[in-house]
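J.: Shown below is the structure under consideration.
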Amino acid sequence: MQIFVKTLTGKTITLEVESSDTIDNVKSKIQDKEGIPPDQQRLIFAGKQLEDGRTLSDYNIQKESTLHLVLRLRGGGKKRKKKTYTTPKKIKHKHKKVELAVLKYYKVEDDGSVKRLRRECPNCGASTFMANHKDRLYCGRCHLTLKLEN
């Protein structure tokens, strides 16, 4: 019987085969006509890839059926090298949660009055305290720095 093999270029090859022929035999006949090695050939019929050991009758390939020939692609994408860093990673600052942190900012005097332990920022207003350094006061919000005189 006669079958057709359509290549990717659109060229159609005619092959004389029997329904008992294996897919290996068909691929070797394509190699004789086109010069493509059988290990690079993939034959597709009715949306299925044809396996080498099976026969044409296994796939219900009859006379004047058309097989599609595509080439097998070898391998995958290029592997990327893993980046090597010259300097070690910087350790992230861990935030320490302090229970009842408000107690650091105020003190209750013996007479019952409340005294502020830290100075509030004159630019930012109430509830923004300045950090105490050994020679200065610093506001972390507006970056105001006040120098202390001893």
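Sequential numbering from 1, following the chain as shown.
Here the Cβ of each residue, glycine as well, is placed from N, Cα and C on the backbone.
Annotations for this protein, taken from Swiss-Prot, read as follows:
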- 1-76: domain 'Ubiquitin-like' (DOMAIN)
- LYS6: ubiquitin cross-link (CROSSLNK)
- LYS11: ubiquitin cross-link (CROSSLNK)
- LYS27: ubiquitin cross-link (CROSSLNK)
- LYS29: ubiquitin cross-link (CROSSLNK)
- LYS33: ubiquitin cross-link (CROSSLNK)
- LYS48: ubiquitin cross-link (CROSSLNK)
- LYS63: ubiquitin cross-link (CROSSLNK)
- 121-142: zinc finger (ZN_FING)
J.: Check the DSSP secondary structure of LYS11 (ubiquitin cross-link), expressed as helix, strand or coil.
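T.: The residue in question, LYS11 (ubiquitin cross-link), is coil (DSSP, three-state).
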J.: Would you mind listing the long-range same-chain contacts of the zinc finger (121-142), meaning Cβ under 8 Å and 6+ residues beyond its ends?
T.: 105, 148
J.: Of all the recorded sites here, LYS6, LYS48, LYS63, which one's CB has the most other CB atoms within 10 A?
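T.: Answer by Cβ density within 10 Å: LYS6.
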J.: Starting from the Cβ of LYS11 (ubiquitin cross-link), draw a 10 Å sphere and report how many other Cβ atoms land inside it.
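T.: So the number of other Cβ atoms within 10 Å of LYS11 (ubiquitin cross-link) is 10.
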J.: Among the recorded sites listed here (LYS27, LYS33), identify the one with the smallest other-Cβ count within 10 Å.
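T.: LYS33, out of the recorded sites LYS27, LYS33, has the fewest neighbouring Cβ atoms within 10 Å.
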J.: Closest to LYS29 (ubiquitin cross-link): which of the recorded sites LYS6, LYS48, LYS63, going by Cα position?
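T.: Nearest by Cα distance to LYS29 (ubiquitin cross-link): LYS6.
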J.: Helix, strand or coil by DSSP: which one applies to LYS29 (ubiquitin cross-link)?
T.: helix
J.: Just how many other Cβ atoms lie inside 10 Å of the Cβ on LYS29 (ubiquitin cross-link)?
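T.: Excluding its own Cβ, LYS29 (ubiquitin cross-link) sees 18 Cβ atoms within 10 Å.
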J.: Using C-alpha positions only, work out which of the recorded sites LYS6, LYS33, LYS63 is nearest to LYS48 (ubiquitin cross-link).
T.: LYS6
J.: Going by DSSP, is LYS63 (ubiquitin cross-link) sitting in a helix, a strand, or coil?
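T.: Its secondary structure by DSSP: coil.
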